Amino acid sequence: MFEAPRNLTFVDDSLNKDALNEPSGSRGIYSRSDDVEKQARSPYSNPLAGSTNVSIAETLNEEETPAPSKRSKLGKYFLSDIDRNWTEAILISCGFVSGLVDGLSFTFWSSFSSMQTGNIINLALGVSGNLYHQEKLWVKALIAVGAFLLGTFCFIVGSWMLGPLRRITMISSFALQTILIMVAAILVHTEAIGGTPSGDPMRWLQDVAIALLAFQAAGQILASKFLGFPEIITVALSAVMCDIFLDKKLFHGWRENPKRNRKIGFVLALFLGAMAGGGMARHHGLAAGLWLAMSLKGAITVAWCIWPECPPPTEEGEGKGKEVMK
């Protein structure tokens, strides 16, 4: 048989109401006030208190995890890769700018800013002593070629540091090109450089303008490489025209041969740009032509700011914007 311990005394609160008033330290007696005090101290005795603690903790966790800020979203946007679809339209417009700038540069300075083939020929003729009409023309050619090579190096390093297809890379590259053309236009507009054709090849401000225009030309050529359209090299025509006639699908439908379409579009754009440069030089002057070229490059820079983002990778492979020419 089970027997209760002798040293414990059970007190019925309903019979002994005075036990509530006794001190909690009385021997062998458990008072209700002690139980109430313990319940008040314990978080487990009150289910509402426990739920309140949980809700407070959840609120604190929500406050500790802030929502993405506008700055972080903007940074992610500019660090994203651009979509390569329809970027050939921008490169073809760069061909128009190349023709425009070279038409102006050759008309006024007898030198090319974008087409380095012509500058190499002038340099070689100058070294051989066959440039009878301008003995120092090879100096301009050398400056243009050197500036172009320096620009190529700088644009390559900058592109690989930032990422060749990132939005910030394209914006920075074309913004710099725009600024360089603007500086050359300011030099002409303020008459620091004469706005009429000059045979003096040793005017150093004129050489500075040639160097600026040749430097910026490297950026758009590299853009065509990084975007994966080597057939639109935005400067030279010889190789492109040869490729057009080598194409076995030359006479196929318009939608069946987009590469041929890009080549033909580039040839036409360069021709129209050079024709526009000649017309601007004749009727409006060098400064107006350079301002037009700067405006076009500025419009391209703005276009990169709003260009669609590269689509996310799929199971078949990465998006088109991930394909980079190696």
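Cβ coordinates come from backbone N, Cα and C, glycine included.
Unlike curated entries, TrEMBL annotations are predicted automatically.
Annotation source TrEMBL lists compositional bias 'Polar residues' at 42-51.
Residues annotated as region 'Disordered' in TrEMBL: 19-51.
Per TrEMBL, transmembrane segment is recorded for 141-162 (among others).
The transmembrane segment annotation in TrEMBL covers 168-192 (among others).
If one looks beyond the transmembrane segment (204-223) by at least 6 residues along the same chain, the residues whose Cβ comes under 8 Å of a Cβ in the stretch are 91, 94, 97-98, 101, 105, 109, 111, 113-114, 116, 139-140, 143-152, 154-156, 159, 170, 173-174, 176-177, 180-181, 183-184, 187-188, 192-194, 198, 233-235, 297. The transmembrane segment annotation in TrEMBL covers 204-223 (among others).
The transmembrane segment annotation in TrEMBL covers 266-282 (among others).
Counting residues 6+ beyond its ends, the transmembrane segment (141-162) has Cβ neighbours under 8 Å at 111-113, 116, 119-120, 122-123, 126, 168-169, 172-173, 207, 210-212, 214-219, 221-222, 226 in the same chain.
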